[in-house]
Ligand SMILES: *Cc1c(COP(=O)(O)O)cnc(C)c1O
């Protein structure tokens, strides 16, 4: 474990977000909590028990390994769905462990059939159809073949879901494409129905689609980014807030990231700081060294641009971000001491650095900044009262 910084997780914020989502989506729409990519960097092992406590009992991940991690973090009998990769070797284990999984091509359906037969246990599948994202999913003729396979050996399958993924509901520029996808989905769904296959859940929506296109909620929504307290895009937030009197953000951020001042140094006018000549002190400059760098999650693209909070004040990163360290300007805080808390993401006093500020500077998405937070930083839960 890295001990130079810690990621904090505010349980009260998570409870707030889940309550908000449940209220807005209504009790007839099931929420599947998307915890792929280490729960968007928050930590699967910490988030899953908190999510269960907050009333979630359905989880979606990308691959088999994540499913295993979710499974060993469960405190209840929740459902785990693998939306993406499972190696051929792990498919049997996936069935054996009661994991549900997407079937997005006929090859996977064949392997699932074979393993289900070997195990004497049905494969719990979600048929994923291609509706226009052109990434994964069965096209119309493949769907018809899949239906034949399932109807010939119904004892080996439980059709838990019928789904697709909408391409870019977070931007209005995709509106026409999404309408086409919905239409295609309904056509394919009708074919399933005609063949008397009734999936437990029909689902197409991620966070953005669930809020921008209420008709896309169907039986279940796959909510990732919003449960962590972020809107999918500025546009999605504006869409939501537009007709409301109250313009405060109903979502709360869960994650904070902090470190400590490692050392302090006064740089004389005319001296360069760090490697090369990226920063020249124009005046005497008091600097603090913070022990996070690009090897520990602080992107090199924040060189000379990033900010951190010390004693409630914003301090600029000066020079290039090193592998394990970054230098910040603390000239305005002469009282700073070694060991002072450094906030990289989150609040300190009245000041705040949020992930979006962080990502604006480095031109990354919230999604990217979060999911790239290293696994080996300690996640510390701040329990709700
Ligand atoms: C990641 C993912 C989601 C969740 O998306 P958010 O925008 O984070 O809500 C939903 N569905 C699929 C298939 C995904 O891969």
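Every residue gets a Cβ built from N, Cα and C, even glycine.
Curation plays no part in TrEMBL annotations; they are all automatic predictions.
What TrEMBL records for 36 is N6-(pyridoxal phosphate)lysine. If you look up TrEMBL, you'll see 36, 275 marked as active site, proton acceptor. Among the features that TrEMBL reports, substrate binding site is placed at 135, 323. The domain 'Alanine racemase C-terminal' annotation in TrEMBL covers 254-382.
Taking the features listed in TrEMBL, we show where each one sits on the structure.
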residue : record                         : CB count, 10 Å
36      : N6-(pyridoxal phosphate)lysine : 21
135     : substrate binding site         : 10
275     : active site, proton acceptor   : 11
323     : substrate binding site         : 10
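The average per-residue pLDDT of the prediction over the domain 'Alanine racemase C-terminal' (254-382) is 92, rounded to a whole number. Across the domain 'Alanine racemase C-terminal' (254-382), DSSP classifies residues as 20 helix, 50 strand, 59 coil. In the three-state DSSP scheme, residue 36 (N6-(pyridoxal phosphate)lysine) falls into the helix class. DSSP assigns residue 135 (substrate binding site) to coil in the three-state reduction, outside any helix or strand. Rounded to the nearest whole angstrom, the C-alpha distance between the residue listed as 'N6-(pyridoxal phosphate)lysine' and residue 135 (substrate binding site) is 18. Separation of the C-alpha atoms of residue 275 (active site, proton acceptor) and residue 323 (substrate binding site): 11 Å, rounded to the nearest whole number.
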